């Protein structure tokens, strides 16, 4: 009824337009970067480009691809994202199972749960953490990107909540048939929880792909930087002093079009992955944040 | 099964907690924790005496506080308006677009923002120029820097934060609206008397939980946007710890500020969880 009234229709038209404008402002900055990266150097340097490339060229992408430091860091990032996500998911999967049990099944569950949760609310701070990493000899090693953050308590809790929703009968049947807990976990729980795990995988992948601070803090040779750290030092800090690069490369890096191309390539994997998993967000997040 | 995770937690979370004894020492890396001199609460006294550390605490509270308020209000309002869109396909399209910035890192966004906000031909200032507004030095002027930090954070997160509110909207019993319509209530009245009250519990939970983060003003964002020009008004606890503790090598002092932050945060988080638990029966698992 209400949507037939004249005033509601007027509101609706304005609302649709306003929503469109808001949505567009969320992507326009990225469109601008893309346009700059595809424009000729002269037009970009003169600030003529807005949202459409001027004198379309792929020159900046060619230069980016030919930059060995960029390629190196791209490789580090890919490796880190794959290995880090796999490890995080495995650990979360293994830990979430016992934590999802009732107290009488898994004695001391509450204590373990608190050991996990406590790390979310209290930590020793940056300096002692740095010292531990240093003592372990992880400075300047690839593993520093993966190991310290391998346990993600937040993802473990999301998975734990998902496991709670799995019908108990399934598990009981498996146990009666003589399967151990480990087997139950992999044969019964793994197939059921694939959608949930896929969602967690995206969050974990995005996290690893975007992480830059650990690279900056613990890795000293630019050749071992992940992509996000590389972009951070070159584009945000504009600190080229720490890098051993030739004047030719320096000239190349400072170009606006090349910078934009690098930013865009850095954002690309995320742009490709997230739209496909949107439908899971609501389920996973609501589960984790607000419970009825 | 829980063992692998537990070992990681002990190494990377619990052992560093032991490192907080450094905050009671005049820590020298070459002497180690055992060899360094104990100085009691000297680092903490220094913390409250230093003018810049008090300024940093104030900056953190101000920036985080503003972010909490707007990161609650904007998604709340946006969810209500988004819910009025009838065409499901169009709604999905809008959602996809507004979720996007959440998934981009502050490195990427920092790179983009530094470019588009520049006074030297950045598109934002060019756009403002069309209305005769002179170039604004968003990232170089302390006051504008704070505004920029809050606005860009809200811009990045409002879409994704909307999810929780949309889920709440979907749970409202449709018979309430039908009854209201029979009684002749307009859509506006329905929003005021049904939608908003129905969303209040979740808004309270989200807001309460956010209070636990009042000392987290966003390290990633500030670090990628700031520069020495705005240290005074833009520096927050986390960036300060990094600069003082790691870059300048004042390990004991850096740890002291870090611990100060952790302890206050922990108290606030526990308090906010307790309130959320009592008021809205919220539990994390």
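The backbone N, Cα and C atoms fix where each Cβ goes, glycine too.
TrEMBL entries are annotated by machine, without manual review.
Feature transmembrane segment, per TrEMBL, maps to range A:12-35 of the set A:12-35, A:36-59. Highest Cβ pair count under 8 Å relative to the transmembrane segment (A:12-35), across stretches A:78-99, A:111-130, A:142-163, A:184-207, A:259-277: A:259-277. Residues 95, 98-99, 148, 153-154, 156-157, 217-218 of the same chain sit 6 or more residues outside the transmembrane segment (A:111-130) yet have a Cβ under 8 Å from a Cβ within it. At the 8 Å Cβ threshold, with sequence separation of at least 6, the transmembrane segment (A:78-99) comes into contact with the transmembrane segment (A:184-207) through 3 or more pairs.
For the transmembrane segment (A:259-277), same-chain residues at least 6 beyond its ends with a Cβ under 8 Å from one of its own Cβ atoms are 30, 33-34, 36-37, 44, 60-61, 63-64, 70, 74, 198-199, 202, 205-206, 209-210, 227-228, 231, 234-235, 253. For the transmembrane segment (A:142-163), same-chain residues at least 6 beyond its ends with a Cβ under 8 Å from one of its own Cβ atoms are 76, 79-80, 83-84, 87-89, 91-93, 95-97, 99-100, 116-117, 119-120, 129, 133, 189, 193, 196-197, 200, 203-204, 207-208, 211, 214-215, 218-219, 224, 226, 284, 287-288.
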